[in-house]
């Protein structure tokens, strides 16, 4: 009895599968699917396998050698004012027309480049802005004579024309020469002072005030005044 039930169940299952196969065949369309136009291919596995000036880049479905963006000619303009830190471009090729992707402080934006010929009209080129922040000195000792290591608000750099001065007085000059050899004491070597000489300025040893000779009989009071005994 058990075997008869199993045989009947298998027969019913086979009949159901046959009906499903026939129904599916009625909805199937003739013909074969065309091959994929851009099958995923690994045409490179690293930059070293690509020709010069090409890089192994992903396509989203494989990798292929592609040209490296070379950028556009001409120069970026100088930063005129501080900009917000936004990146509106990555390379020159991401900018429209002839615009160039330039760094403006902490911002990257598409701007119209300038030509070196235009800068040459004013007799040379302006130095690039010290951005990002740079530490151009470690202390006053790392700066030239007459300069001081100062904060720029975005790093430190050597700046001249620092107010200062050295002790001593300038000697009396009899001959006046219109030659400027210094501007301030710090322009002179150690032990010298920048002194006027007629219509010029020279580095000369200063005249120091004479030292006060103390008499053994003199005493110094608590208020730093000398007390000299009357004979």
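Glycine too: its Cβ is placed from the backbone N, Cα and C atoms.
Pulled from Swiss-Prot, these are the features on record:
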DISULFID  33-57  disulfide bond
DISULFID  40-61  disulfide bond
DISULFID  44-56  disulfide bond
DISULFID  50-65  disulfide bond
DISULFID  76-102  disulfide bond
DISULFID  126-150  disulfide bond
DISULFID  137-149  disulfide bond
DISULFID  143-158  disulfide bond
DISULFID  170-195  disulfide bond
DISULFID  178-199  disulfide bond
DISULFID  182-194  disulfide bond
DISULFID  188-203  disulfide bond
DOMAIN    69-114  domain 'WAP 2'
DOMAIN    119-162  domain 'WAP 3'
DOMAIN    163-207  domain 'WAP 4'
CARBOHYD  107  N-linked glycosylation site
CARBOHYD  217  N-linked glycosylation site
SIGNAL    1-24  signal peptide
- Query: Given the disulfide-bonded residues 137, 178, 199, 203, and counting only Cβ atoms in the protein chains shown, which has the most within 10 Å of its Cβ?
  - Reply: 137
- Query: disulfide-bonded residues 50, 57, 149, 182, 203: which have a Cα within 10 Å of residue 195 (disulfide bond)?
  - Reply: 182, 203
- Just counting, how many other CB atoms are there within 10 A of the CB of residue 50 (disulfide bond)? 20
- Item | Candidate with sparsest Cβ neighbourhood (10 Å radius) among 65, 102, 143, 194, the listed disulfide-bonded residues | 65
- Query: Which recorded positions from the set 44, 56, 107, 150, 158, 182 come within 10 angstroms of residue 50 (disulfide bond), judged by C-alpha positions?
  - Reply: 44, 56
- Message: Taking only C-alpha atoms and a 10 A limit, tell me which of 137, 150, 188, 199 are near residue 182 (disulfide bond). These are the disulfide-bonded residues.
- Response: 188
- Query: What subset of the disulfide-bonded residues 57, 65, 137, 158 lies within 10 angstroms of residue 44 (disulfide bond), using C-alpha positions?
  - Reply: 57, 65
- So among the disulfide-bonded residues 149, 150, 195, who's got the most Cβ atoms within 10 Å? 195
- Should any of the disulfide-bonded residues 137, 149, 150, 188, 194 have a Cα within 10 Å of the Cα of residue 158 (disulfide bond), which are they? 137, 149, 150
- Task: Within 10 Å of residue 149 (disulfide bond) by C-alpha distance: pick out those among the disulfide-bonded residues 56, 65, 143, 199, 203, and say none if nothing qualifies.
- Result: 143
- Message: Using other CB atoms within 10 angstroms as the count, which residue among the disulfide-bonded residues 56, 57 scores least?
- Response: 57
- Query: 10 Å Cβ neighbour count around residue 158 (disulfide bond)?
  - Reply: 16
